[in-house]
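**Q** A single structure is presented below for examination.
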Amino acid sequence: MINKDTNEQIIRLKQHTPARIGVGRTGTRPLTKGYLSFRIDHAAAVDAVFGEVSEDLLRQFQLFTVETRFETKEHYLKRPDHGRILSEKACEVIKERCFPAPQVQVVVSDGLSANAIEENLPDVYPALMDSISANGLQTGTPFFVKGGRVGCMDAIGELLKPEAFVLLIGERPGLVCAHSLSAYMCYRPRKGTKESDRMVISNIHRGGTPPVEAAAHIGTIIKKMLEQQTSGVKLML
Amino acid sequence: MYKKATVLGHTYSFHHLKEVMAKANEERSGDQLAGISAENMKERMAAKSVLADLTLGEIRNSPLLPPEQDEVSRVIEESVSTPVYERIKNWSVAELREYILNDETTGSDLLQLSEGLTSEMIAAAAKIMSNLDLIQAASKIEVITHCQTKIGQKGVLSSRAQPNHPSDHLPGMRVSLYEALSYGIGDAVIGINPVIDTTDNIYALLVETKDIIDRFAIPTQNCVLSHVTTQMRAIEKGAPADLIFQSLAGTQMGNESFGISIPLLEEANSLIYDKGTATGPNRWYFETGQGSELSSEAHFGIDQVTLESRCYGLARKFNPFIVNTVVGFIGPEYLYDSKQVIRAGLEDHFMGKMHGLPMGVDVCYTNHMRADQNDMDTLSTLLSAAGVNFVIGVPMADDCMLNYQSLSFHDIATLRSIFHLSPAPEFEKWLERAGIMRNGALTKSAGDPTLFMNKV
């Protein structure tokens, strides 16, 4: 067991890793505080997966909502393929409300962490819009996709024919961070786009890649995509 | 029409063996995603009834994936012992189940029988077995393997220490390992999942793990779980590896998506015998898991239980030291909730043992599954009752690199205590010398990583 003599050494050991070491025990079981802290982090992760993005937040950034064919959260988790297909209504609304063939299409989706959108959108979204215009580029009409997977950008690409695409989507939550966001980028995403043509900046949150820094980086990548007319492994950064 | 069965007044017909095998599975999301699962419980029971009446000969004679098209099928087919098969080919799957569970049938009888079975026959038996059947059958089988040390004896529960770090930082890895050792964890292997899959990094991690083993004279083996080709390059350059690792799939196409083939595994096999640092005959570590073939679109409409069994058919060709299914890692589209993960864990453990493999389980889940740590308590308890060779431990169950949860070091110590199980014999003696265990229990000093603090 850990006693007072080694406490200081334990603190030093812990500096080397985010792993839960030096936690101690009672009998063979963990101490109460460490056990509950683990369960709290898991609770945050589960709530992020099963949570919803608030209407207020989406209104604040004037993002209207469309849905994929995900139907329910359970179906969304069981059928990733349905999170890549837009509902019929979504197709109609997108065609009606969006500026066609934009230079850069920006889309936001809850993905596997609604919490990632709640926590990061207020920082990352305005910075991303600034970064795109600072690079002299025009955005189309941004919107929110409920129940989206990364591949939904291909379905949207077919409808709107954008040159470049940015999808801000919640990542599968871990215990260390349940609100990490990814930005997926692609040049002309369309039906049949290869995964290797997509580019990603992941781990966007205040304790990871800072949102403002990520936004600036996305703007630079998009500009290069449009100049070189490609994305993924072929893009020279 | 191939076969039909009537359940509660409704007749169900099945067109081929593949359909019977898929529909006979207990419910799981992966079979639903593949569009091959039973429509409802009655159809599932009809499929189980049809399967129970099929003979082992009928199963062998209707290959789900012909050996001419697939090298995994060829390995399985070539491994069948003709005299054993001839003796049992007229048994029905129901008779196979009853033979396995008969109390006059011993574990060594099962291992002998196994030589005449294909992976598909073993999967078929699992499909008509209950969870407790799977536990009872597996608990009979003892598979002892030998790399640097021997594990798998009756009464032994071994463990992999998995001291991962999000940036492969060596001091970070070391302190997690010290924590593991202080709880008596690490007798199966000290195995790291690297973030950076380069020859230099794999070399460094192999050197570091071996150095700790040597410095503290720990009777265990090291392994770094990168792609096999990177390990091969590191070993060629002189890196010390007791074990060589690779993930397996149950079809040739699935293995191609992992970037491997049987000739490549054979090449790695010669290398680890030639240049590996172990002294014993078992030098491989394999991982598997239901659903990987579907995720790489290499499943050929075959259900994930049967494909998992085929992974074991491939694994046994290489006489591995340890094999484990990473049962809850793949996600809810393959195993949705704790009920499905628990079932799959018991199936995989049974099917592995029936192939004569030193079977372990990574008792685990991701955060988007309907499961939590209580479910891992349940599954690990069931697997201890089933005689699992080893499980995996990470600090407080939280793998800070792979972002999923497995078992805590505490959990493994607890399972040993409840079921009166020991670490591997040589390792237990070492724990006694290190002052961590005495008379089969942890001492007061156990659970303190500073025991190993002379160098971080």
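Our numbering is plain: 1 for the first residue shown, then up by one each step along the chain.
Placed from the backbone N, Cα and C atoms, the Cβ positions cover glycine too.
Just so you know, TrEMBL annotations never went through curation; they're auto-generated.
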**Q** Per TrEMBL, what member of B:Glu86, B:Glu266, B:Glu267, B:Glu287 joins B:Arg160, B:Ala161, B:Gln162, B:Asn193, B:Asp362 in binding substrate at one site?
**A** B:Glu287
**Q** Please identify which of B:Pro194, B:Pro332, B:Pro358, B:Pro449 is recorded by TrEMBL as part of the adenosylcob(III)alamin site containing B:Gln246, B:Ser295, B:Met401.
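**A** For adenosylcob(III)alamin, TrEMBL names B:Gln246, B:Ser295, B:Met401; of B:Pro194, B:Pro332, B:Pro358, B:Pro449, the listed one is B:Pro194.
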**Q** Between the binding-site residues B:Gln162, B:Gln246, B:Ser295, where is the Cβ count within 10 Å the lowest?
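**A** Selected from the binding-site residues B:Gln162, B:Gln246, B:Ser295 on minimum Cβ neighbours within 10 Å: B:Ser295.
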**Q** Should B:Gln246 (adenosylcob(III)alamin binding site) be counted as helix, strand, or coil on the basis of DSSP?
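**A** DSSP call for B:Gln246 (adenosylcob(III)alamin binding site): strand.
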**Q** For B:Pro194 (adenosylcob(III)alamin binding site), which residues of its chain lie six or more apart in sequence with Cβ-Cβ distance below 8 Å?
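**A** Listed in sequence order: B:Asp168, B:Asn201, B:Ile202, B:Leu205, B:Val224, B:Leu225, B:Ser226.
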**Q** Which one is it, among the binding-site residues B:Arg160, B:Ala161, B:Glu287, that lies nearest to B:Gln246 (adenosylcob(III)alamin binding site) by Cα separation?
**A** B:Glu287
**Q** Around B:Arg160 (substrate binding site), which residues of its chain at least 6 apart sit with Cβ under 8 Å of its Cβ?
**A** B:Gly186, B:Ala188, B:Val189, B:Ile190, B:Gly191, B:Ile322, B:Asn324, B:Gly360, B:Phe390, B:Val391, B:Ile392, B:Gly393
**Q** Between B:Asp362 (substrate binding site) and B:Met401 (adenosylcob(III)alamin binding site), what is the CA-CA distance rounded to a whole number of Å?
**A** 15
**Q** For the recorded substrate site, whose residues are B:Arg160, B:Ala161, B:Gln162, B:Asn193, B:Glu287, B:Asp362, find every other residue on that chain with a C-beta no more than 8 angstroms from the centre of their C-beta atoms, and list them by sequence position.
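**A** Along the chain, the qualifying residues are B:Val189, B:Gly191, B:Leu225, B:Asn324, B:Ile392, B:Val394, B:Ser406.
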**Q** Long-range neighbours only, meaning 6 or more apart in sequence with Cβ under 8 Å: which ones does B:Glu287 (substrate binding site) have?
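**A** For B:Glu287 (substrate binding site), the qualifying residues are B:Leu225, B:Phe245, B:Gln246, B:Ser247, B:Leu248, B:Val323, B:Asn324, B:Thr325, B:Val326, B:Asp362.
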